[in-house]
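**Q** If you scroll down you'll find the structure; I have some questions about it.
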Ligand SMILES: NC(=O)C1=CN([C@@H]2O[C@H](COP(=O)(O)OP(=O)(O)OC[C@H]3O[C@@H](n4cnc5c(N)ncnc54)[C@H](OP(=O)(O)O)[C@@H]3O)[C@@H](O)[C@H]2O)C=CC1
Ligand SMILES: O=C(CO)COP(=O)(O)O
């Protein structure tokens with residue numbers, strides 16, 4: 001049995017995909033299905049009102065937003081000792097840690113892993129083909145998780161480069177907000193392509209400085225997810241950025257991971273002396289520290305240098 005903690009869009013979609021193949025126990029603090037309306041859960045999926053029921057599972061997927069993960073880990077001590085697969089994309093604002101770092105800190109006896117890569121919850125729930133990265137520092141444990149969590153439509157590729165995989169997923173959301181700003185402000189598709197390219201260079205710079213391999217960033221969890229998120233209307237980060245660029249309001253109840261992560265990586269980049277102008281711009285813009293014209297000017301006035 002696989003346990004899934006968090007019944008938002010992604011947790012519910014994973015329950016649907018994995019429930020087509022075997023037993024799944026799903027817990028959400030507000031019940032299940034609300035964030036993925038119209039989805040029918042397979043018979044194999046049991047929705048429980050008691051989170052501790054998931055303790056019967058040796059593998060638990062943690063499908064809550066990145067900024068909620070530390071609190072969830074602190075609340076549910078029974079998670080320790082299990083294989084814990086973070087299904088979130090972000091850097092924790094309070095600690096600067098990624099999801100697996102949070103797991104290792106709170107649950108030292110757990111096997112930390114992360115599932116990340118280009119995949120919209122609705123696509124997964126519809127059974128459309130999807131390829132993701134499963135990153136686990138312990139390769140044998142990662143191989144077992146890869147087998148357990150792959151289905152015919154949900155194909156998992158494996159890596160031990162946890163830092164690269166989690167930073168790819170976290171940072172692409174920041175670039176997607178910037179890409180949305182470019183489109184919302186009417187700067188055009190060419191400008192978006194330039195921004196994505198520079199954003200990718202930024203992602204690789206920080207990830208390598210923190211010990212990741214550049215090849216990981218070129219894979220599903222980095223380049224793959226960057227392309228998806230910067231170019232699809234389905235992305236909440238992109239839509240949020242587009243609203244910002246157009247001067248339109250955006251529903252604050254919608255999960256937009258890149259906002260907090262931009263702030264967290266700005267601090268990380270400063271600590272490691274890494275140049276991350278896009279992340280700094282997104283953090284300042286979303287905090288209201290600069291205006292949209294100032295943000296655009298900051299991007300256009302970067303010094304001319306070699307590519
Ligand atoms: N949606 C997608 O297409 C994809 C999402 N992801 C990642 O998955 C993660 C979750 O996103 P997603 O499911 O889309 O977000 P949603 O906003 O759809 O759902 C978030 C869920 O987390 C729950 N939650 C929030 N805080 C807590 C808490 N402290 N304790 C328990 N539950 C909590 C919410 O409960 P409540 O409803 O009660 O607030 C809600 O069920 C994000 O990191 C996202 O980047 C990854 C790939 C695809
Ligand atoms: O991570 C995602 C796709 O891979 C989902 O992106 P959004 O959170 O921007 O909707």
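Every residue, even glycine, has its Cβ placed from backbone N, Cα and C.
Keep in mind that what you see is a predicted model, and the values were worked out from it rather than measured.
From TrEMBL, here are the annotated features:
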DOMAIN    2-140  domain 'Glycerol-3-phosphate dehydrogenase NAD-dependent N-terminal'
BINDING   6, 7, 8, 9, 10, 11, 121, 236  NAD(+) binding site
BINDING   10, 29, 89, 121, 236, 257  NADPH binding site
BINDING   89, 117, 119, 172, 225, 235, 236, 237  sn-glycerol 3-phosphate binding site
BINDING   89, 236, 237  substrate binding site
DOMAIN    161-296  domain 'Glycerol-3-phosphate dehydrogenase NAD-dependent C-terminal'
ACT_SITE  172  active site, proton acceptor
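Explain the structural surroundings of these features, please.
**A** Within the same chain, the residues at least 6 positions away from residue 6 (NAD(+) binding site) whose Cβ sits under 8 Å from its Cβ are 27, 28, 61, 62, 63, 64, 72, 87, listed in sequence order.
The Cβ of residue 10 (NAD(+) binding site) lies under 8 Å from the Cβ of 63, 87, 88, 121, 124, each on the same chain and at least six residues away in sequence. Secondary structure at residue 10 (NAD(+) binding site), taken from DSSP and collapsed to helix, strand or coil, is helix.
Sequence-distant neighbours of residue 117 (sn-glycerol 3-phosphate binding site) (same chain, 6+ apart, CB under 8 A from its CB) are 130, 131, 132, 133, 157, 169, 220, 221, 224, 225.
Other Cβ atoms within 10 Å of the Cβ of residue 237 (sn-glycerol 3-phosphate binding site), summed over all protein chains shown, number 27.
Around residue 172 (sn-glycerol 3-phosphate binding site), the same-chain residues six or more apart in sequence whose CB sits under 8 Å from its CB are 89, 199, 203, 222, 225, 226, 229, 230, listed in sequence order. DSSP assigns residue 172 (sn-glycerol 3-phosphate binding site) to a helix.
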**Q** Which whole-number value in Å describes the distance between the Cα atoms of residue 257 (NADPH binding site) and residue 236 (NAD(+) binding site)?
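**A** Rounded to a whole number, the Cα-Cα distance is 9 Å.
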**Q** So what's the mean pLDDT when you look at the domain 'Glycerol-3-phosphate dehydrogenase NAD-dependent C-terminal' (161-296)?
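**A** The answer is 97, the mean pLDDT of the model over that range.
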**Q** When you measure from each Cβ to the nearest atom of ligand 2, which of the binding-site residues 7, 8, 11, 29, 121, 235 fall under 6 angstroms?
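**A** What lies within reach of ligand 2, judged by Cβ under 6 Å, is 235.
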**Q** Work out how many Å separate residue 236 (NAD(+) binding site) and residue 119 (sn-glycerol 3-phosphate binding site) at their Cα atoms, rounded off.
**A** 13
**Q** Near ligand 1, meaning Cβ under 6 Å from any of its atoms: which of the binding-site residues 117, 225, 235, 237 fit that description?
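**A** With ligand 1 as the reference and 6 Å as the Cβ limit, the list is empty: none.
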**Q** Please name which of the binding-site residues listed here, 7, 9, 11, 29, is nearest in space to residue 237 (sn-glycerol 3-phosphate binding site), Cα against Cα.
**A** 9
